[in-house]
Amino acid sequence: MANPASAAALLMLLALASTSSAQLSTGFYSSSCPGVYTTVKSVVQAAIAKEKRMGASIVRLFFHDCFVQGCDASLLLDDTASFQGEKMATPNNGSVRGFEVIDAIKSAVEKVCPGVVSCADILTIAARDSVVTLGGPNWDVKVGRRDSTTASFSGANNNIPPPTSGLANLTSLFAAQGLSQKDMVALSGAHTIGLSRCTNFRAHIYNETNIDGAFARTRQSGCPSTSGALQWWSH
């Protein structure tokens with residue numbers, strides 16, 4: 001049976017994908033690149049075998065991309081002298097990771113069918129394969145996305161929910177993407193895979209009262225009150 005975190009990740013990915021899936025289909029590459037799925041899967045599996053955390057990082061990369069301009073790979077665009085991308089925006093700078101895995105997948109796919117598969121579809125498939133590799137359920141990915149040639153630095157700063165958001169702000173930011181509170185809860189569940197710096201949740205487990213006491217004490221055992229550490233909670 002799939003673990004709850006992976007199941008929640010599935011719900012989140014399906015919710016995000018549905019916001020831009022009007023013209024998509026599962027058979028989009030049936031003739032032009034039938035080997036795309038096995039190619040993506042092999043690279044994802046190798047990356048997670050090398051570093052298990054990478055699966056969570058790819059799911060997070062997909063989420064941060066989809067919350068700005070839709071699931072269009074705009075987050076993958078690098079800054080240039082005349083172009084400002086999204087990588088250096090506050091929610092992404094120094095925390096979003098997995099770009100090298102997506103680059104490796106793109107290189108592998110280009111060898112199989114050059115100039116056919118978009119980076120946006122590669123990222124979407126890789127997110128699904130990350131959930132599956134981590135023990136979650138499988139599902140058919142609808143594809144046919146086109147890569148963006150634009151990015152939104154301001155959108156990344158304003159649209160991606162910060163970890164300090166309360167219920168009202170989270171609900172508003174998700175609603176702006178056409179997502180419900182149920183989708184929001186699924187995303188919160190997906191945050192239970194991977195690693196997080198305890199600085200992101202230290203105040204909650206030490207200073208706030210709206211948290212289960214036993215759960216707070218468990219988290220405190222791996223998160224000092226003043227400094228330190230990574231803990232298995234969140235991405």
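Quick reminder: no glycine exception, Cβ is built from N, Cα and C everywhere.
Keep in mind that TrEMBL annotations are predicted by a computer and have not been checked by a curator.
As recorded in TrEMBL:
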- H64: active site, proton acceptor (ACT_SITE)
- D65, V68, G70, D72, S74, E86: Ca(2+) 1 binding site (BINDING)
- P161: substrate binding site (BINDING)
- H191: heme b binding site (BINDING)
- T192: Ca(2+) 2 binding site (BINDING)
- 1-22: signal peptide (SIGNAL)
- R60: site 'Transition state stabilizer' (SITE)
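Counting only same-chain residues at least 6 apart in sequence, those with a Cβ under 8 Å from the Cβ of E86 (Ca(2+) 1 binding site) are H64, V68, S74, L75, L77, N92, A151, S152, F153, G155, A156. The separation of the residue listed as 'substrate binding site' from D65 (Ca(2+) 1 binding site), Cα to Cα, is 12 Å. Here the C-alpha separation of P161 (substrate binding site) and G70 (Ca(2+) 1 binding site) works out to 15 Å.
The most densely surrounded of the binding-site residues V68, G70, judged by C-beta neighbours within 10 angstroms, is V68. The binding-site residues D65, D72 differ in how many other CB atoms lie within 10 Å of their CB, and the one with the most is D65. It is 15 Å from the Cα atom of D72 (Ca(2+) 1 binding site) to that of R60 (site 'Transition state stabilizer'). Ranking the recorded positions R60, H64 by the number of CB atoms within 10 A of their own CB puts R60 at the top. Those same-chain residues not listed among D65, V68, G70, D72, S74, E86 yet with C-beta within 8 angstroms of the centroid of the Ca(2+) 1 site C-beta atoms are C66, F67, Q69, C71, A73, L75, S148, A151, S152, G155, A156. Every protein chain shown contributes to the tally, and the Cβ of P161 (substrate binding site) ends up with 19 other Cβ atoms within 10 Å.
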